[in-house]
Amino acid sequence: MSFNISQENEFQTMYIKYFNKTYSIIEGSYNYYLFVFYIQIALIFIVLFYYLLNVYIDIKTCQFSTNTQKIHHAIYLPCVLGHVMCLIQKILLIKDSPAGDDMTNPVFYYISLFRAIFCFPGFYCLSAFVAERWFATYFLNDYEKNQRTWLVGLILWIIYSIAFISALDFHTAPSTVIHVTIFILLSCLAYLSNYLNFLLNRSYYYKSNRSDGGGYSLAQRFQISDNIRFSFFFNRLALSIAFFQISGPMCLLIDNLNISRSWKNLNTVVFDTILLLYAIVTPFVIYHHNPKYRTELQKIANSIRNIRVRTNKNQIMPMDSLDESFNSLRIQDTFGKTIVFNVTEQTSTYFEKLDRAWS
């Protein structure tokens, strides 16, 4: 694929992301940016190490069983590969390679294209998670036992197709407004869809708690509770990454403005930094709410510090009373509220039922 100089003006603002090194040297800001580049390279290696650590722990704890986990890993890997493309961009730029900032160089184009293809699915991750939960609600009868792996393939095929088409069009379109609009619109729809899914499952939950069970089986009630818990998790995840979901596309939108090359260079560096922090914060939030992951990570940390790990999962520290022992377990209901035990009342109720059963 060949390029000529006349194409530069057409594609100049559409690359992921173009940094004009020559202009930066002329204005005297390159040394400052070079320092930032080295920090970004260090962050990329942290992202790569963090990814390998997460995959290792997931393999040890068998975290590939649910559709949600499969979708997470299928989107997580391309994002990491996108940062590998970013690493190559930085190295070529620092080494004064023609492929580092020469838009007429085919290598520069393909690195930018592959980086976009790998990174764009990250902007659609919330939509993918919510879509899977709607399928879980629709197939309420047996979703716990039959998760229908083909659903993962369908969701990922749609996500990857949109990302691929967006990346190709991004490098030829005269404006990035439509791409940014799609990114933000899908994120907003994901928030709304998650809330509607929560309301629907909450109504199912209240029906299932009737004295007659509402006609729901035990498996259905479990799935309803699981959907509600996921809605709360989604809210925490969405709030944690909302800044990145909005600021990243906004940086792409700024490229359409008629601003100086100096500001565009700054915008490029800010965009790269946002994506790097996004790649660290998102998996951290996801894994922070995973008990199996936290337990295994603690074991690894303890082994590094040569501290013996206690394997008794249900160990209860000595308490002044039995009530404190029960309450120290911090058992929560479906909606995340802590259940407080009144041991005396619970014991009396238990023996009354037992006495009636023996009578």
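Backbone N, Cα and C atoms are what each Cβ position is placed from, and that goes for glycine too.
A quick note: this is a predicted structure, and the numbers were derived from the prediction, not measured.
Swiss-Prot lists 33-53 (among others) with the feature transmembrane segment.
For the transmembrane segment (74-94), same-chain residues at least 6 beyond its ends with a Cβ under 8 Å from one of its own Cβ atoms are 19, 21, 34, 37, 40-41, 44, 47-48, 51, 54, 100-101, 107-108, 111-112, 114-119, 121-122, 124-125, 128, 152, 156, 159, 272, 275-276, 279, 283. Summarising the annotation, Swiss-Prot assigns transmembrane segment to 74-94 (among others).
Here Swiss-Prot flags 111-131 (among others) as transmembrane segment.
Marked as transmembrane segment by Swiss-Prot: 150-170 (among others).
Long-range neighbours of the transmembrane segment (180-200) within the same chain, counting only residues 6 or more positions beyond its ends whose Cβ lies under 8 Å from a Cβ of the stretch, are 123-124, 126-127, 129-131, 133-134, 137, 162, 166, 227-228, 231, 234-235, 238, 245-246, 248-250, 252-253. Taken from Swiss-Prot, the feature transmembrane segment covers 180-200 (among others).
Counting residues 6+ beyond its ends, the transmembrane segment (237-257) has Cβ neighbours under 8 Å at 13-14, 17, 123, 126, 129, 175-177, 179-180, 183-184, 187, 190-191, 194, 264, 267, 270-271, 274-275, 277-278, 281-282, 285-286 in the same chain. The transmembrane segment annotation in Swiss-Prot covers 237-257 (among others), and the record cites sequence analysis as its basis.
As annotated by Swiss-Prot, transmembrane segment applies to 266-286 (among others), with the evidence given as sequence analysis. Distant neighbours of the transmembrane segment (266-286): 17-19, 33, 36, 40, 43-44, 46-47, 50-51, 54, 72, 76, 79-80, 82-83, 86, 119, 122, 125, 236-237, 240-241, 244, 247-248, 251-252, 254-255, 259; these residues of the same chain sit at least 6 beyond its ends, with a Cβ under 8 Å from one of its Cβ atoms.
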**Message:** Can the transmembrane segment (111-131) be said to touch the transmembrane segment (150-170) if we require at least 3 CB pairs below 8 Å and skip pairs under 6 apart in sequence?
**Reply:** yes
**Complete:** Long-range Cβ contacts under 8 Å made by the transmembrane segment (33-53), restricted to residues 6 or more beyond its ends, are 19, 24, 76-77, 80, 83-84, 86-87, 90-91, 93-94, 265, 269, 272-273, 276-277, 279-280, 283
